[in-house]
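Here's what Swiss-Prot has on this protein:
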| type | residues | note |
| --- | --- | --- |
| ACT_SITE | HIS450 | active site, for 3-hydroxyacyl-CoA dehydrogenase activity |
| BINDING | ASP296, ASN500, TYR660 | substrate binding site |
| BINDING | MET324, ASP343, VAL400, VAL401, GLU402, LYS407, SER429, ASN453 | NAD(+) binding site |
| REGION | 1-189 | region 'Enoyl-CoA hydratase/isomerase' |
| REGION | 311-717 | region '3-hydroxyacyl-CoA dehydrogenase' |
| SITE | GLU119 | site 'Important for catalytic activity' |
| SITE | GLU139 | site 'Important for catalytic activity' |
Amino acid sequence: MIYQSPTIEVELLEDNIAHLCFKAQGSVNKFDRETIDSLNAALDSIKQDSSIKALMLSSAKDAFVVGADITEFLGLFAEEDTVLQSWLEQANVVFNKLEDLPFPTISAINGFALGAGCETILATDFRIADTTARIGLPETKLGIIPGFGGTVRLPRVIGADNALEWITSGKDQRPEAALKVGAIDAVVAPEQLKPAALKMLKDALIEKLDWQTRRAKKQAPLTLPKLEAMMSFATAKGMVFKVAGKHYPAPMAVISVIEQAAQLDRAGALQVEHQAFIKLAKTEVAQALIGIFLNDQLVKGKAKKAGKLAKKVNSAAVLGAGIMGGGIAYQSASKGTPIVMKDIAQPALDLGLGEAAKLLTAQVKRGRSTPAKMAAVLNNITPALDYAPVKDADVVVEAVVEHPKVKSMVLAEVEQHVSEDAIITSNTSTISINLLAKSLKKPERFCGMHFFNPVHKMPLVEVIRGENSSDETVASVVAYASKMGKTPIVVNDCPGFFVNRVLFPYFAGFSGLLADGADFAAIDKVMEKQFGWPMGPAYLLDVVGLDTGHHAQAVMAEGFPDRMGKTGKDAIDVMFEAERFGQKNSKGFYQYSVDRRGKPKKDLDPTSYELLQAEFGEQKAFESDEIIARTMIPMIIETVRCLEEGIIASPAEADMGLVYGLGFPPFRGGVFRYLDTMGVANFVALADKYAHLGGLYQVTDTMRELAANNGSYYQQA
C-alpha cells in the first residue's frame, strides 16, 4: 500500500501502475476539506515513489465523486474574501499537482462525476466511463461557478461552445454525449471499466497515445480565432440571459470568466475563476440556492428515515380517475408501483388512462422512454369500475371530487373492501383530515396525501397527519410519495394545511390592492419580473381556477375568521359571480385562446377591468415596493404562524414546501431564508407600516422578540 486514509487508498498494480481509489466511509465520495488534504498527501506519496509509471483513478462506490461537500459551503462563504481565496488556491494546488504528475494519468468513471468530481477527471490526461456514468458541472444551480479549475480545463478539452453549454445549464451528461464532444475517450460496460482504463495507460506508456500534447493543450490559452471568439461569446450571452434572467447571475458569470481567461495560461485563467467564484459566493442568490440544496437533503433524509418505519407498498389504488387520478396513476406506475384506478364511470376511466398515455407518449417523443417501457407502465395501471381489484392494495389514494360528504362516503366504502392493515389516504387541498377520519372505523390508518396539479410536474406532496394518524401510517405514505419520485413534507391538519394556508393570505393581499384600485396586470408584472414568481397572483388564480379559489377562500375564512374573514366582496368574488373561472372556461382576469402549439395564450380583457371598476372604482398606480409588500407580508407572517403552531416542523421544510409547491422564487430561498436575508427586524418594521390593513399584516410576538434579539430562523434551527 502506497498510501491509506479514511477516504483514499493508493496501491501499486502490475506494470508499475498506481491505483488511487476514492473510498469514503459514507455512502458517497465527496470533496470535503479532509478528502482534499488526503488527495494532496496521496499525490505526494505517488510523486515520491520513483517506480510508478502511470496512475489510474477510480471509485469503490456506486458513484465516482458526487462533488464538493456542500454542507461546508455556507460557513466557508461567510468568511473574509482572503480566507476564500486561500481555500481556492490550496485546493487548486492539489488539482494542479494531479495534472502535473510526470507520467500519464486516467480516470475510470462510474456513476456520478459531478462538480469537483468532474474537475478531478479533467485534471487527468485520459477519461474512460462506463455506461452508468453521469458527468457535469452543476455549480450554477447553486448560484456559483466551478472553483477547482472547471471553467479553465473543460473549454480546453471540449471547446468553448460546448463548455459554455455544459456549465451554464448545470446539467449532467450521459456518457454518449460526453464521448461525442471529447469529454471522455471511451464508453465501456461496467465490468470492462478498469481493464480498459489500464489498457489505455499501457498504450500511453508505449507512446501509442500522446498524453503530453493533451496535457499541454489544457494548460495553454484557448486556440480560438478572435472574430470567432467574439461571435461565440456574444451569442452565448444573449441565449443564456434569455434563460437565466437577471435574478441568476452565475450562468452569465461563466461566460465572462471563460471569455476573460481564453488568452491566458492555466495560472492566469485560474485566478480569473477564483475572483468570480468569490464574488458569487458572497451573493444572496448563492446563499439561497445552497440553502435550498441543503433543505432538499434534509427533507430527503427524513423520507429515508421514514422508510425504516414504513409498511412496504407493493401495490396501490386511486379512487377517482379523470386528470388528477390519471396523473397519480401515471406517477405511481412509472416509478414501479402497480396501481388500480377505480371510478364509477367508464368515461372517467378513459380520461384517466388517456392522461397517463398522453404523458407517456410525450416521454417517448422526447427520447426519455421507449414504446416497450410505455407499454409496461400502462400495464401497471388497472382500470376498474368496482372494488374487487382494490382489495389487495397496500395504499389507497382517494381522489374524488372536493366535497366533504362525497369523500366521507367513498372513504367509508373503500374501508370495507381493503385489508385490515391497508393504508387509506385522501388527496384533498382544503378538507380537514380530522373531519374525514370520522367516516372510518380505523382512523389511525388514515392521513392526507395532497398532490399538486399537474401531478407529473409538481415535485411536492403534503402528507397531512390527522390527530389519530399512526406514525406507521404517516411514515408509509412519506415513503410511498418518495418512491413516486416526489418530495414529501409532513404537516399537521389545519384549514388549508400548509401550502394553501400560506397562499391565500397572498391572494388576500392581492385582492386588497385591487380593491384600492390597482391594475392586476401591473401587479402580475411586478411579482413576476421583480419578485421572481413564475406567475403573478392574477395569472395563478386563472390557472388554479377562480371557482376553486373561491371555494378554498371560503374554507380559509371559516377557519381563520379573525384574519381571513371578509366584510365585503373582493376581486375573486367578482370574477366568480361573473362566471369567469380562468383558463378552464377561457376567461378569468385574462382571456385565453389556444396558440398554434395548443397551449393557452393569455391576453388582457376589457370586461375584467369593467367588472373590477364597477365594484372598486377608478384605477390608480402603485409603486413596485408597495405591491411586493402588500402581497408578500401576509404570506410571510402566515408561514411564521405555521411554524410557531407546529403545522410545519422546521424552516427548511417550510421553505421547500413553498419552492416546490408554489414556485416561490428559488433565488430567494423560501420565506425563512428571505426573512433572514432581509433581517427579521427590517421585516417587522415594514409590516408595522402596513399594520392598519388588518390582521394578516400583524406580526407575531415571537417575531418581535426575534427581531429585538437580532436573531434569525436558520440560526435557531
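Quick reminder: no glycine exception, Cβ is built from N, Cα and C everywhere.
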| Cα-Cα separation of SER429 (NAD(+) binding site) and HIS450 (active site, for 3-hydroxyacyl-CoA dehydrogenase activity), in Å? | 6
| query | What mean pLDDT score does the region 'Enoyl-CoA hydratase/isomerase' (1-189) have in the model? | reply | 97
| query | What is the maximum Cα to Cα distance, in Å and rounded to a whole number, among the residues MET324, ASP343, VAL400, VAL401, GLU402, LYS407, SER429, ASN453 annotated as binding NAD(+)? | reply | 20
| note | Least crowded of the binding-site residues VAL400, VAL401, GLU402, counting other Cβ atoms within 10 Å of each Cβ, is VAL401
| query | DSSP three-state call for HIS450 (active site, for 3-hydroxyacyl-CoA dehydrogenase activity): helix, strand or coil? | reply | strand
| note | By Cα geometry, the one of the recorded positions (GLU119, ASP296, HIS450, ASN500) nearest MET324 (NAD(+) binding site) is HIS450
| task | Quick one: among the recorded positions GLU139, ASP296, which has the most Cβ atoms sitting within 10 Å of its own Cβ? | result | GLU139
| How many Å lie between the Cα of ASP343 (NAD(+) binding site) and the Cα of HIS450 (active site, for 3-hydroxyacyl-CoA dehydrogenase activity)? | 19
| remark: Expressed in Å to no decimal places, the gap between the Cα atoms of ASP296 (substrate binding site) and VAL401 (NAD(+) binding site) is 32
| query | So of SER429, ASN453, ASN500, which of the binding-site residues has the fewest other Cβ atoms within 10 Å around its own Cβ? | reply | ASN453
| remark: Quick note, LYS407 (NAD(+) binding site) and the residue listed as 'active site, for 3-hydroxyacyl-CoA dehydrogenase activity': C-alpha atoms separated, nearest Å, by 14
